[in-house]
Each structure stands twice: as C-alpha cells, then as structure tokens.
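**Q** I'd like to ask you about the structure that follows.
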Amino acid sequence: MRIILLGAPGAGKGTQANFIMNKFGIPQISTGDMLRAAIKAGTELGKQAKSVIDAGQLVSDEIILGLIKERIAQDDCEKGFLLDGFPRTIPQADGLKEMGIAVDYVVEFDVADDVIVERMAGRRAHLPSGRTYHNVYNPPKEEGKDDITGEELVVRDDDKEETVRARLGVYHDQTAPLISYYGKEAEAGNTKYLKFDGTKQVAEVSAELEKALA
C-alpha cells in the first residue's frame, strides 16, 4: 500500500497520517527526515546533499528521488509507505513514475481556506510551558489567560491570519497542478484518488479512510 497524502497546513493531515501508520503498519516517509539521516550516515547521496545545502542551494529532485528509492528498499517498507510532503511538483511526480515507483492511493484532505484560518488563527499559546488552547475548540477557563499560571496567552506568528493565508496561497499554487495530475492518473487506472472532507470529526474521517483503504 503506497500512499501519497495531500492537504493544506491545518487540514488534519498529520493526525490521519498517524492513524494510517498505526492501522496498516506502514512507515511515514518525510523527505526532511531522510535528508538528515543520509547526511548523518554519510552515504553517497547524503554527501551530495550536504555539499548542496552547505552552498546555500536547494537539493535537486534527482537527489531526493534517489533517497526515496533507497528508503523504500528497506525492510519496513515491504507492506508499503506513506509519502508526506512529496511530490510537491509535476517533475517530482514524473520522477517517481519514471523510477517505477507505483502509487496505490493519492489521499486528499479538503478543507476550505476560511475554516483553516479559523482553526489556526483561533490558537493561543502559553509560551513558557508550551500549553496551547483554542478560542472555540479548547478555550482557557479565563479568556486570554493560561489555566495554570494565569499569565497572558499569545498568538504565535505561525498562527496569525496573514501568515496562514500566505502559506495557503503557496500550497494551492503548488498543489493544484498535482491534484489535476493525479486525477488524470486515476482516470487512466494508474492510481486511486480519494478525497475526504477534512471538516468532519477526526474519528469520522479515520473511519472513512480505513474503509476506503481496506
């Protein structure tokens, strides 16, 4: 079971990725984790990646695809894997295909931008302890105050509306072509494209996912 996950920041992708990993016993493959591991291990691709990063440049698709090929050859990927954060572009998707890496399911979590902004802009944090709240879903006992210390809660920069909307803009620019690409792949019978309503309760989405992937 080889799965690609698509979903905007705040769409609940991470929660459902954990569910899939635990339910089906397949590892999540993150390109960032792979890069760090390869550099630390000093593999040939790791050395190439390190020299590129040290020069302040972006790691090429060729190196990333090579790392993915090495990673999925490992024993824990025998039953499949979950690709998160890759591919981000059409050339990367083409690269996977050219390397003979078949994708069984492309899973998209669909949540309207305004809902994501509400989810993220409603977050409040007590920075010294790391405790987090939400104005709607998990409000503090007293508005704007930490439950334990009574200290002021803040909105983290990442959760500010303008930051969230900027990240969503980047996501849509990158991902819209991929959604079209994998839609065509599904029509051609090369993969299955599954779309879920990410505004539903977490357990409900998990149940739908389990049924669709079973």
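Just so you know, glycine gets a Cβ as well, placed from its N, Cα and C.
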**Q** Of the candidates Arg36, Arg123, which one does Swiss-Prot list alongside Gly10, Ala11, Gly12, Lys13, Gly14, Thr15, Thr132, Tyr133, Lys200 as binding ATP?
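**A** Candidate listed by Swiss-Prot for the same site: Arg123.
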**Q** When neighbour density is defined as the number of other C-beta atoms within 10 angstroms of a residue's C-beta, which of the binding-site residues Gly12, Gly14 has the lowest density?
**A** Gly14
**Q** Checking distant contacts: for the region 'LID' (122-159), what same-chain residues at least six beyond its ends satisfy Cβ-Cβ under 8 A?
**A** none
**Q** Comparing the binding-site residues Thr31, Gln57, which residue's C-beta has the most other C-beta atoms within 10 angstroms in this structure?
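**A** Neighbour-count leader: Thr31.
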**Q** Of Arg88, Arg123, Arg156, which of the binding-site residues has the most Cβ neighbours inside 10 Å?
**A** Arg123
